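Database features, via Swiss-Prot:
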TRANSMEM  65-85  transmembrane segment
CARBOHYD  N97  N-linked glycosylation site
TRANSMEM  119-139  transmembrane segment
TRANSMEM  193-213  transmembrane segment
TRANSMEM  215-235  transmembrane segment
TRANSMEM  301-321  transmembrane segment
TRANSMEM  336-356  transmembrane segment
BINDING   438-445, 1154-1161  ATP binding site
CARBOHYD  N552  N-linked glycosylation site
CARBOHYD  N633  N-linked glycosylation site
REGION    738-758  region 'Disordered'
TRANSMEM  781-801  transmembrane segment
TRANSMEM  820-840  transmembrane segment
TRANSMEM  896-916  transmembrane segment
CARBOHYD  N973  N-linked glycosylation site
TRANSMEM  992-1012  transmembrane segment
TRANSMEM  1016-1036  transmembrane segment
DOMAIN    1119-1358  domain 'ABC transporter 2'
Amino acid sequence: MAVEEKNSPTGAAMTNTGILVPSSQQSLPEWWTKTQKFFSRENTITPTFGYFRLLFGTQPGKTDIALIVIGTIAGIGAGIPFPLLGILFGELVDDLNSSTCSTTQAPPGGYQAAITTKVLQVIYVSILNFVCMYIHTGCWSMVGERLVRRLRTKYFHSLLRQEIAFTDTLPSGDVTSRLVSDIEVIQAGTSEKVGLFIGTISYFVAAYIVAFLKVATIAAMLMSVVPIYFLMAFGGGHYIKKYSGRISTHINAATSIVSSSLSHMSIVHAFNANARLEALFAQHLVSARMDALKKAITHSIQFGMLYFVAYASNALAFWQGSRMIADLAEGKPSKVSVGAVYTVIFVLLDASFVLSQMAPFMHIFASAASAGDRLMTTIKRQSAIDGTSSEGDSTISLASEEIELQDVTFNYPARPEVPVLQGVSFKIPPNKHTAIVGTSGSGKSTVVALLERLYDPITGCVRVGNRDLKEINVRHLRGSIGLVQQEPNLLDRSILENIAHGLVSSSQEKHKHLLPTLLGPSLSELTEKIRQGASEDEAVTEQGDVVREIVNLTRHAATLSNAIDFINALPDGLATRVGSSGAELSGGQKQRIALARALIRDPPVLLLDEATAALDSTSERLIQAALNKVSENVTTVSIAHRLATAKDADNIIVMQKGRVMEQGTHMDLVARDGVYAGMVRLQNIGKFSSSSSIMTESTQVDANIDRSLTTDTLLNKEEKLSLEQGVLDEKEKPAQLYMPEEADSLPTEPENEKEKPKQTLWATMKGSFPLIRPNILLISLGLITSIMIGVSYTGEAVIFGHTVGSLSVCRGGPSIRSSGMLFGLLFFILAIVKFAAVIVNGAAFGWAAEKTLYRTRVLSLRSLLRQPLEWHNADGRTPGLLVALVTSDASALSSLTGTTIGVLFSTVANLFAGVILSQCHRMEDSRSPSGYLTRIKHQKAYAKATAITVESVDNIKSIAAFSLEQEAYSVFNRSLKAPYKSNMKSVLHGNFWLSLAYSISTLVYALAYWWGSQQILAGMYTQVQFFIVLPALLFSTQSCGQMFALVPDISKARIAASNIVDLLSIKHEGDEEYDKTGSKASAKHTDPRFNMLEDKPRDVEAQLITTTPSSFPTKGMGVQFRNVHFRYPSRPNQPALDDLSINISPGQFCALVGPSGSGKSTTFALLEKFYNPASGSIIIDGVDITKQSGAAFRDTIALVPQENVMFEGTVAFNIGLGARPDVEATQEEIEEACRLANIHDTIAALPDGYNTVCSQDGKQFSGGQRQRLSIARALVRKPRLLLLDESTSALDVESEKHVQDALAKVARKTTIVAIAHRLNTIHRADRIFMIERGRCVDQGTHAELVERCESYRANVIHQSLDA
């Protein structure tokens, strides 16, 4: 249960890192602190220490201490009653034995009274057992829930404070795996199962105590096998932990592939890359599968040995007990009785049985310890640059301070062999504009990262005034800087919250009072109310004056960044959610929001890394004018490839290959005729116009006008420009084109899923059967051995009954000895049989489970990758939830072919065998009710918190740059409250039924004893019959309790199976034809959805050879848009294309230009058939693709997206993804494409060359390098139609020149359509289409449009460098 503390409104205290942590950790007893320190040590000698470190090394609070203590005491108490029952049952045996051996004809009434009294005592003890069990399962369930919540917060806290270098080297998919798989494993291993295990150990110890008190000789003999139990537990745990670590590594990589693929579905579709991604995914799964099999076999051997030792020790006990009873029967001196021997054998037999039933728990605990160690490694890691720390000088002001880099060298940790900066030295004067230009990969963005102290130099230093940057408090430093990144990352919040993030760590004193509101839920609640229909003014008034001040500051910043008009045009205005990383906005919109976020804090230092690269020239010009106005007393550092945006800088620094080549003003550098002058010549668009002198004159006039404009006048001018008004209809969302709409919003259940009726159990089973069918022989073997295991309990009962019956003193000593030896031998044989059965069972089900898991995951990913974008764009259907289908749901389903189904079948076999045995011996008490099972609801809790964590890590540079660690932490904690509260409530009623299920066996046993004893006393049944049925019923009811504990897993698997069957049941275009993700059906009746890759999938990274290299086509494609209308499904009231008509002839180089949001990228989306138009025709090579099924036409189309995407895999694999589906690109073809894209030399210089592994999104490469890799991926396809969406926006002029020359060669036999804001890249186009408001308003050559199109001419003038 949650305990609110008084230290803060959230029940937390502030640490020296500035992050809120639970205040219950304060003022703990000294002994508890010492315990924590002991278990916090990195002692990994045994899994036991790892497990205790998990429990006690995470700073549990007072409530946790109380729950652990109470739960442990109750667990110990729950284990004691049954050995006490053994004493009572032993006395009952003596009473029954005396009765049956008596010569009196009628049963004495005293025996009946004694038996009734003891049965009542049994019932009382059973009630006590239930109470103790309910308490300990409840306490430990809450301990587990609180522990995983604590681990989540600590892990997230640790991730937030780590330096960027750490996250750069973090394995792809690692965070998702930690927060989904590992947390789930930890919760399973630290909840009610701990209480059950403690109760079992208590039972085991108490049983031996009772045994020693009753018959010390037998107890001492059996005590010798106890070390073997622990040896098996710890030895097996060691190997299980070893294999779990290996599995985790492979699964992390596989999960990364799934995540990146589902996040960039348009790229997957554009290149038909699903088969190659699926194959790479399968490779990782195969590697994990072998380790999983070893883990399963290890577990089964561990389990089997525990059974063998338990049964073998019971065989010894039977034999020794029979000898003692024989001595007693022969009148030899003996202090034992039949009841005493029975008590010893009974309690030790049952204790061994229960302990063996706990063997699966050892596997769970070992896995939890292993998962805990993985989390604790990150949690305890000390950050080299802690943005949350209070250390360092927080008083220094960056205003009017000179910034200097002194002989700085640097290389990124992910690629330590590659130098990025080499002896860089330059000064940045205060209150001046310094521009940094140069080739892509020259270190420009790295300089910005060092100024923000996202990294520290390897040698040299960065100084502010006379202070080293390391001496300044990191949070204070970053709070004094406004940053606009090359690829702006926004968090999945509203526009208001994203812009207001700039105020969170502002160094301005006037913003300090806003911090509590910024960290609280007020802005989130405000935007939610607006989205629900409330007016902005009313909602703001309700929230108070501070919120109104934040809203006003936000609007002012949005005005300065030229974003206010498109914001006002959105249905929810400032309350509009931007999606994960701003996926709901276009590239230009995101840049303007990011600029507003930087400007809102009124920073003394402004860092602009390609801040206007995604904007059209008019928008860029307006923003530049606004920046000139607000940066008069600001130190501004800008990085630019468009030299027009840098020419007015006070100082321009030119960099190449990590060195400063030259610096000075624009005029000085042009006069030197050096590197910069060459860049100017390459980029100057003025020379391409016949009206160059006119443009130069116009540029000078406009420059003078711009300097005289106030911000208000500027915005009035903007409203009159038809170009910028096109932004009001900004629906094309270029970022969204390559990322499904609402792609990474926080996981919620899709509306259509909520309304869809659930599948029946039969439909689910029928749909799941094709997944299981290939493993039917393994499953059959597992089921046979499960039945053998289940029936073995009945065999045990038969042997036990005959043994107890044969130990009656009514029989002679020799008979007792021979019977004891016989049944002891039978018990030993049973031990051997069960040992073999358990091993075969574990191996068979383990291998079947892994093969089913492999098949299910690959088929699920296949189905997901084949769904159209509109399916992925459905409301609430997010990559986060879809990844769960491939990972969590597939894993849950596979449990039905693994240990869960094995235990279930052995339990059912045990139950039926016990009932049948009871009926064979005509015991009426077997018809007594044994209780009912209750289904536990399966919950997908914490998905939102996981999504927040993954999003924060993906955007960690933005989080760090704006010191949003505390804000992200606050949002994260708020997301935990609802599922935490819900789960804690479920503990109360869920554990009631669990405790009842485990305790019911004792009551059934008491009832059976009472009824059976009456039958024996009445002379209707024999002792042998009674003692056969009694343990059979006991084992059956105990197995029912264990089966009840499996109900959550079975329920989980049932839901998972339903989800997966639903997914696989979706029909796709071409199911009846060749399945490109697999192979042709082997028979006509075979469902192609279940076609599988080979058991050993092809190595897609190694298989880069083909017998016949492909060649460039001889003819390009013709393209026509005829009266096309289109609206995005998410915004049906706003047109994206409005009667668009264009005609592109085969082999032409055509360009689409126009303002941001005018519909340019939407044309590409329709050309790729990501969507179908509402009306009109799209004709490619004479075929209307809107009326054709399938997308085979994409095989000869290549796309270079605006936002460049890399997948998990080598560089060669990423480029090879672009090859046509039926061709594997050769190494020569890959290198040729890279040379054309001017990236070959960069790749060749890497230590691993083309085998260099790209992390998810290729974050170890610069923006320009990723763009060239994307171009190479498109060129390796050798397309007939090449689509370029701002394909050179991140390139320097030299790289751009190389790429343009390469495209000129390709263009001879290929149709090229380019979207561009840099007009110098398309001035040679055969035809340029001017797109505004979803229509083509003009078309012609560059020269023709300069002459007659005013808006086009204005853009040319702005980009000219002749002035």
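Placed from the backbone N, Cα and C atoms, the Cβ positions cover glycine too.
These figures come from a predicted structure and were not determined experimentally.
On the structure: features taken from Swiss-Prot.
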{"residue": "K444", "record": "ATP binding site", "Cβ contacts under 8 Å, 6 or more apart": "I436, V437, G438, D609, I639, M655"}
{"residue": "N552", "record": "N-linked glycosylation site", "Cβ contacts under 8 Å, 6 or more apart": "none"}
{"residue": "N633", "record": "N-linked glycosylation site", "Cβ contacts under 8 Å, 6 or more apart": "A399, N431"}
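Of the recorded residues, S440 (ATP binding site) and N973 (N-linked glycosylation site) place their C-alpha atoms 40 Å from one another. Here the domain 'ABC transporter 2' (1119-1358) has a mean pLDDT of 85 out of 100.
A Cβ distance under 8 Å defines the sequence-distant neighbours of the transmembrane segment (336-356), meaning residues of its chain 6+ beyond its ends; these are 82-83, 86-87, 89-94, 97, 200, 203-204, 207-208, 210-211, 214-215, 218-219, 222, 229, 303, 306-307, 309-311, 313-314, 317-318, 321, 324-325, 328, 793, 796, 800, 803-804, 807-809, 1031, 1034-1035, 1038. Under DSSP, N552 (N-linked glycosylation site) is assigned to a helix (H, G or I) in the three-state scheme. When Cβ distances are compared across the two stretches, the transmembrane segment (65-85) makes no contact with the transmembrane segment (301-321), since fewer than 3 pairs at least 6 residues apart fall below 8 angstroms.
Three or more CB pairs closer than 8 A are found between the transmembrane segment (301-321) and the transmembrane segment (820-840), so contact between the two stretches is assigned (pairs 6 or more residues apart). Secondary structure at G1154 (ATP binding site), taken from DSSP and collapsed to helix, strand or coil, is coil. Just so you know, the Cβ of G438 (ATP binding site) picks up 26 other Cβ atoms within 10 Å once every protein chain is counted. Ranking the recorded positions S440, S442, N973, S1156, S1158 by how many other Cβ atoms lie within 10 angstroms of each Cβ puts N973 at the bottom. Ranked by the number of CB pairs under 8 Å to the transmembrane segment (992-1012), the listed stretches 119-139, 193-213, 781-801, 820-840 are led by 119-139.
When Cβ atoms from all protein chains are considered, those within 10 Å of G1154 (ATP binding site) total 27, not counting its own. The two recorded residues, S1158 (ATP binding site) and N973 (N-linked glycosylation site), show a Cα separation of 40 Å. Cα of G1154 (ATP binding site) to Cα of N973 (N-linked glycosylation site): a span of 44 Å. Distance from the CA of N973 (N-linked glycosylation site) to the CA of S442 (ATP binding site) is 41 Å. Looking at S1156 (ATP binding site) and N973 (N-linked glycosylation site), their Cα atoms lie 37 Å from each other. Here N973 (N-linked glycosylation site) is positioned 41 angstrom away from K1160 (ATP binding site), judged by their C-alpha atoms.
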